[in-house]
Amino acid sequence: MVNKLEIQSKMMQAVETVRRTNPMAGSITNTVTINLVANAQLAVGGSAAMVYLPDEAEFLAKAGGAMYINVGTLLPIYEETLPYVAKVLHETGKPWVLDPVAVGIGSLRTKLLQQLKAYKPTIIRGNASEIIALAGLWGLDGGTDESNVRGVDSTDSVSEAKAAAIALAKWTEGAVAVSGETDLVTDGSMMAFCYGGSHFMEKITGAGCSLGGVAAVYATATSPFIAALTATAVYNVAGKRAELKVDGPGSFQVQFIDELYKATAEDIANNSLDVEEVSFL
Ligand SMILES: Nc1ncnc2c1ncn2[C@@H]1O[C@H](COP(=O)(O)OP(=O)(O)O)[C@@H](O)[C@H]1O
Ligand SMILES: Cc1ncsc1CCOP(=O)(O)O
Ligand SMILES: [Mg+2]
């Protein structure tokens, strides 16, 4: 039985804990959106630290409360850094978030994402095509061999990614967040649909990447499902509010960070949300 009030209460606790404790979530992320990732993490109350090298990544994995790995742009050193730090995170039981940006494109990205399967990301956050393609790469239900990923964008709908998201969550025993106009968050047994945000979020680079970084901040304070849900909800609140105050994507990005900063625990927990049990039919 899904208890929506209990879920909302846990979301509020996560927001308040992060605001109170300023937890550090280290990131290995892409060079396109790295600044927005860090600023979004700070806006919700986290502390950001971005690295590329194996020993620095190990340090952050051990020193921080969670870690974020995003494969949007790859550097040769990632061939060493990513599997090394993912192993450390998995073996120490530290939460970590994977954004499989552009899965299916390029041999190194494919090799690294295949290697990361064994280290079971606590949260996987991607758009619908990325979630479907990752499930396919990992040989799980709902996945496809032919990626519909178009660069970093999705050509599939969130509902088309439902089976893949459930299969990924069951494999990792964590949570999966599929982002889009309506977001889907699942832990394999519960499924939440989250509403809000703005069409402008498709017109700025890094809305998805930074959402993954914010999920890592909340993963320092709560369960994978609640962390993914809270991050998704604060993005929906901030996007909706920012849209009302701007008339273009440039000013939207600036206002969006302000709205992330201003959103209260009540605003976030009360954002429009439907939760149901995953039907096993
Ligand atoms: N059309 C839309 N309307 C409202 N929110 C959206 C829309 N498209 C994306 N978002 C929001 O933007 C964020 C990033 O989602 P998305 O653009 O799907 O990820 P990515 O950037 O990885 O492709 C999420 O918070 C999502 O809810
Ligand atoms: C454009 C681009 N190219 C490689 S990573 C990246 C940013 C993708 O950001 P997001 O997935 O949040 O749109
Ligand atoms: Mg993305």
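Note that Cβ sites are derived from N, Cα and C of the backbone, with glycine treated the same way.
Just so you know, TrEMBL annotations are computer predictions that nobody has curated.
According to DSSP, Met50 (substrate binding site) is assigned to a strand segment. The substrate binding site annotation in TrEMBL covers Met50, Gly206.
Residues or ranges marked as ATP binding site in TrEMBL: Arg125, Ser179. For Arg125 (ATP binding site), the same-chain residues that are 6 or more apart in sequence and have a Cβ closer than 8 Å to its Cβ are Val97, Leu98, Asp99, Val176, Ala177, Ser179, Gly208, Leu211, Gly212, Ala215, Ala228, Ala231. Reduced to three states, the DSSP call for Arg125 (ATP binding site) is strand.
Closeness to ligand 1 is met by Ser179, these being the binding-site residues among Met50, Arg125, Ser179, Gly206 whose Cβ falls under 6 Å from the molecule. Taking Met50, Arg125, Ser179, Gly206 as the candidate binding-site residues, the subset whose CB lies under 6 angstroms from any atom of ligand 3 is empty. In three-state terms derived from DSSP, Ser179 (ATP binding site) belongs to an extended strand segment. For the binding-site residues listed here (Met50, Ser179, Gly206), the lowest count of other CB atoms within 10 A around the CB belongs to Met50.
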